[in-house]
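Q: Just passing along the structure, written as structure tokens.
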Amino acid sequence: MWYQESYDVIVVGGGHAGTEASLAAARMGCKTLLLTHNIDTLGQMSCNPAIGGIGKGHLVKEIDALGGLMATAIDHSAIQFRTLNSSKGPAVRATRAQADRILYRNYVRNTLENQENLTIFQQPCDDLILENDRVVGVSTQMGLKFKGKSVVLTVGTFLSGLIHIGLNNYQGGRAGDPASVNLAAKMRDMPFRMDRLKTGTPPRLDARSLDFSVMEEQAGDTPSPVFSFMGSQADHPEQISCFITHTNEQTHQHIRDGLDRSPMYTGVIEGVGPRYCPSIEDKITRFADKSSHQIFVEPEGLTTHEVYPNGISTSLPFDVQMNLVRSIKGFENAFITRPGYAIEYDYFDPRDLKQSLESKFVQNLYFAGQINGTTGYEEAGAQGLIAGANAANRVKERDEFTLGRDQAYMGVLIDDLATLGTKEPYRMFTSRAEYRLLLREDNADIRLTEQGRKIGLVGDTRWQRFNEKMENVELERQRLRSTWVQKDHTKIDQINALLKTPMSKEASLEDLIRRPEVNYTDLMKIEGLGPAIEDSQASEQIEIQTKYAGYIDRQLDEIAKKKRNEDTKIPRDFDYQQISGLSNEVVAKLKDACPETIGKASRISGITPAAISLLLVYLKKHGLLRKLA
């Protein structure tokens with residue numbers, strides 16, 4: 001039967017991609033349905049209880065700048081905050097937070113339930129309803145059908161999910177949840193390229209059975225950083241410590257002895273696992289020369305005794321898990337509350353997606369999250385927001401909302417996926433971005449909030465706060481440029497005390513702040529030069545923009561040069577064999593990837609600058625050159 005109401009946007013799956021997708025569509029005014037197999041697991045942290053990190057923290061800030069949920073949710077649920085790379089430049093500094101997974105999940109659910117235009121319904125999705133290569137709705141496990149003008153698939157690891165513990169395996173989307181078998185089978189009959197990936201998780205331990213006195217304590221930063229541009233330290237719950245211990249040779253021997261019963265090393269698991277989050281079996285095999293590996297002992301929350309031993313993800317049999325865990329210092333009497341496991345699942349080749357995350361084969365159908373071959377909550381949330389926004393734009397008959405590699409890590413993420421695809425779970429790093437100095441955590445709102453406002457993602461309160469900040473930055477920078485300090489200033493001794501070399505001639509306050517050793521806040525404490533503005537976000541911008549102005553300008557020039565052909569469109573279904581001079585290999589790669597623009601074509605592995613030149617000449621000669629709007 002058909003449900004009596006129809007929807008603008010239907011989102012299938014309530015994980016990190018699904019929550020951001022449904023909230024984005026609803027914020028933009030679309031009547032949105034979030035379809036989940038279990039309302040109680042909305043926003044569930046299936047693996048590690050943490051948000052952020054190198055590259056990932058940048059994505060969270062960008063989600064927040066566009067009005068998304070993840071940053072606010074972690075600010076209200078994190079039990080430890082740290083700034084990574086704090087001694088390095090602002091481009092690679094990253095925020096990471098340890099979450100209370102119960103608080104996080106509750107905050108997400110509460111936000112979803114109170115979002116205008118959003119309805120939540122509990123039923124697994126078993127099929128997509130198509131008409132003439134266009135999705136028009138979905139069908140659930142009990143046969144109930146929902147009409148939708150656009151559909152976003154955010155099904156995570158649930159498609160034909162297979163959980164492995166030793167040589168035993170069973171169907172599941174994650175421990176305790178059923179796999180999505182029927183939907184996976186239906187989608188295999190559609191024109192999508194599919195493959196299998198694998199990820200894993202460590203056993204969980206009871207903290208009461210551990211000896212923390214022999215471990216290294218790792219406290220959070222004080223004062224603690226804040227993720228959301230709208231947040232404050234007052235949002236944070238109680239802060240507690242994590243701990244560090246290590247594996248040893250005895251641990252490694254237990255693992256080696258169990259490899260003959262490992263699903264990874266006996267060929268039972270076919271999917272490729274995450275390169276940057278390897279299992280402990282992989283670590284001791286690939287890095288056989290290392291006598292120990294670090295383990296971060298991370299509390300799962302304030303009201304539970306469970307801890308997450310980050311660094312020993314495994315799918316070894318349970319008896320081997322027991323032996324390897326109890327061989328670790330501080331874990332000698334450990335009680336395992338949940339076994340570690342690996343999970344294999346279906347994913348779709350993201351090269352079959354447009355930059356908007358819409359399928360190239362089925363109109364109005366969008367994909368986001370692990371279904372596209374990524375790993376991580378942050379990568380999923382970023383894709384979910386973009387997919388949800390574009391599903392809404394499709395309903396409203398608006399242009400697609402896409403971001404370039406020079407605009408956001410979101411742009412880098414989606415461009416990498418849609419252009420290059422992936423054969424292993426894709427994780428974001430700052431090293432993947434060419435324009436890191438422009439794509440900092442601190443300026444995510446400056447880069448994106450105005451764009452989010454234009455399409456309806458950003459509400460009035462955030463928009464007002466953003467404009468106040470920008471006004472503060474501009475007025476203060478004008479003051480710093482126009483305020484001059486003479487070398488006989490009454491406080492010259494205090495000024496020179498901040499400088500490596502004393503002032504030899506007059507200088508503006510801006511000139512002084514450009515010096516690497518000078519801190520804006522310290523300089524403003526000197527009588528007659530300040531006071532510093534109270535807005536800490538604005539003062540951070542003032543310092544970074546002033547100190548790095550030359551480098552930023554050079555990077556902007558570089559972007560302008562590269563953009564000349566970046567946005568040149570390639571006609572759909574273009575026949576590359578028409579171009580004489582292209583090798584068969586190049587033609588095959590271009591046909592396989594179907595790049596939408598010259599920029600995307602240039603980033604395909606094996607496509608040479610000479611091939612791009614031939615393509616440009618042909619398009620120009622035949623009057624096919626045109627830019628994206």
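From the backbone N, Cα and C atoms, a Cβ is placed for every residue, glycine too.
So Swiss-Prot has the following annotated:
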- Gly13, Gly14, Gly15, His16, Ala17, Gly18: FAD binding site (BINDING)
- 273-287: NAD(+) binding site (BINDING)
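Looking at the shown structure, what environment does each listed feature sit in?
A: The Cβ of Gly18 (FAD binding site) has 30 neighbouring Cβ atoms from other residues within 10 Å, across all protein chains displayed.
Within the same chain, residues at least six positions away from Phe287 (NAD(+) binding site) with a Cβ under 8 Å of its Cβ are His293.
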Q: Can you tell which of the binding-site residues Cys277, Ser279, Thr285 lies nearest to Gly13 (FAD binding site) in space, using Cα positions?
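A: Closest candidate to Gly13 (FAD binding site), judged by Cα separation, is Cys277.
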Q: Could you measure between Glu281 (NAD(+) binding site) and His16 (FAD binding site) for me? Cα positions, answer in whole angstrom.
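A: It is 28 Å, counting Cα to Cα.
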Q: By a simple count, how many Cβ atoms lie within 10 Å of the Cβ of Ala17 (FAD binding site), its own Cβ left out?
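A: The answer is 34.
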Q: Of Gly13, Gly14, Gly273, which of the binding-site residues has the most Cβ neighbours inside 10 Å?
A: Gly13
Q: Would you list, in sequence order, the residues of this chain other than Gly13, Gly14, Gly15, His16, Ala17, Gly18 that have their CB within 8 A of the centroid of the site's CB atoms, where the site is the one recorded for FAD?
A: Val11, Thr19, Glu20, Ala21, Thr36, Thr154, Val155, Gly156, Gly369, Ala380, Gly384
Q: When the Cα-Cα distance from Thr285 (NAD(+) binding site) is computed for each of the binding-site residues Gly14, Ala17, Gly18, which gives the smallest value?
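A: Result for Thr285 (NAD(+) binding site): the nearest of the binding-site residues is Ala17.
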Q: If H, G and I count as helix, E and B as strand, and all else as coil, what does DSSP give for Gly18 (FAD binding site)?
A: helix
